[in-house]
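Written below as structure tokens is the structure these notes are about.
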Amino acid sequence: MAFIALGINHKTASVEVRERVAFTPEQLVEALQQLCRLTPSREAAILSTCNRSELYLEQDQLSSDEVLKWLADYHRLSLDELRACAYVHSEQDAVRHMMRVACGLDSMVLGEPQILGQLKSAYAVAREAGTVGPLLGRLFQATFSTAKTVRTDTAIGENPVSVAFAAVSLAKQIFADLHRSQALLIGAGETISLVARHLHDQGIKRIVVANRTLERASQLAEQFGAHAVLLSDIPDELAHSDIVISSTASQLPILGKGAVESALKKRKHKPIFMVDIAVPRDIEPQVGELDDVYLYTVDDLHEVIEENLKSRQGAAQAAEELVAAGTEDFMQRLRELAAVDVLKAYRQQAERLRDEELAKAQRMLVNGASAEDVLAQLARGLTNKLLHAPSVRMKKLTAEGRIDALSLAQELFALDEGAPQDKGLQ
């Protein structure tokens with residue numbers, strides 16, 4: 001079996017490419033089933049966020065080329081374009097990569113906790129799709145356990161820093177006094193929830209949450225004393241909004257240049273600060289061409305994020321060591337499982353040989369042979385049959401120059417432990 005982790009992220013691909021490779025929640029189950037049907041992958045899970053799209057796969061033999069081709073075809077990209085920004089990790093490196101992702105060590109925001117929840121969602125969807133088997137199931141559980149240890153035993157999660165925090169920090173640089181500002185938040189997911197919390201804690205004057213469903217918007221709005229509206233109400237709310245932060249799973253832009261131009265006229269060209277955290281983007285890039293709009297994408301938040309990461313750098317090394325230990329522990333358990341399978345097969349073979357010799361012994365007794373002769377024949381027959389296959393294989397391997405096979409056999413059968421010594425050499 002071969003395990004691989006394959007994908008793109010914020011370090012290897014621009015937001016333009018990432019939004020083209022992103023999977024919507026509605027696509028995931030069908031995509032997983034298609035992936036297992038059309039590639040050599042027996043097990044599969046897909047993690048798709050604004051900063052990364054990754055595939056975790058178990059295959060009979062490592063075959064990343066076919067998976068890359070499937071991914072390019074699925075999203076209608078050229079294979080060369082995808083290869084230019086894709087990475088592939090295999091076996092132990094893939095395990096380590098997945099654990100680093102879960103711990104936030106590979107995130108744009110070092111140590112951010114949201115990625116673990118997103119990875120758990122990816123696991124749940126893969127289970128729903130029926131594409132998680134023994135290996136991925138064990139790996140996900142080991143990954144979650146390691147991430148929990150990292151959160152508990154290091155300071156990687158202290159001093160909250162996230163894309164949401166960075167967006168609010170940037171807003172504070174533009175609007176020094178948030179107490180007088182009004183914010184329009186588009187979406188109602190985890191990131192927007194974090195944005196709302198940070199804005200609320202900063203004492204912003206008013207928050208409006210716009211979402212596809214009013215019920216979900218209301219649930220979030222109630223937590224922070226905000227107002228809930230539908231996406232169709234956005235044009236009316238824009239004119240009153242100093243800050244607009246958007247993060248939905250929409251495949252098409254929600255906010256266009258025309259709507260923003262109209263809002264600016266009503267605001268008498270008072271500036272609007274916008275952050276588009278979504279991938280694919282919620283706000284048309286052309287909006288950034290307007291004179292009174294400060295439009296930032298998730299990639300533009302790097303500088304703000306870097307300034308808030310210094311306190312986490314010390315904890316990162318301790319987290320890396322825990323990830324290394326978690327990786328080695330998982331690989332050791334995999335090796336032990338492989339040994340269990342071999343031992344099970346060997347025991348079944350031995351029991352079959354035992355039953356054959358026992359049947360012969362019973363026939364000898366029926367035919368009148370003495371118990372002493374039957375026992376002697378049973379012992380000889382069982383010994384010869386148990387030793388036949390290993391003896392033939394050992395002779396063949398040594399004839400081929402595999403002298404190491406002798407040492408391995410000696411260790412395997414404990415021939416150097418308690419072996420009778422040749423007294424003639426004493």
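All positions are counted from 1 along the displayed chain.
Any Cβ shown, glycine's included, is placed from N, Cα and C.
Lifted from Swiss-Prot, the feature list:
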ACT_SITE  Cys50  active site, nucleophile
BINDING   Thr49, Cys50, Asn51, Arg52, Ser107, Glu112, Pro113, Gln114, Gln118  substrate binding site
BINDING   Gly187, Ala188, Gly189, Glu190, Thr191, Ile192  NADP(+) binding site
SITE      His97  site 'Important for activity'
Whole-number Å only: compute the distance from the Cα of His97 (site 'Important for activity') to the Cα of Glu190 (NADP(+) binding site).
24
Counting other CB atoms within 10 A of each CB, which of the binding-site residues Gly187, Gly189 comes out lowest?
Gly189
Between Ser107 (substrate binding site) and Ile192 (NADP(+) binding site): CA-CA distance (Å):
18
Just the number: how many Å between the Cα atoms of Thr191 (NADP(+) binding site) and Cys50 (active site, nucleophile)?
10
Go through Thr49, Gln118, our binding-site residues, and report the one whose Cβ sees the most other Cβ atoms within 10 Å.
Thr49
For the substrate site as recorded (Thr49, Cys50, Asn51, Arg52, Ser107, Glu112, Pro113, Gln114, Gln118), determine the largest distance between any two Cα atoms, in Å, rounded to the nearest integer.
15
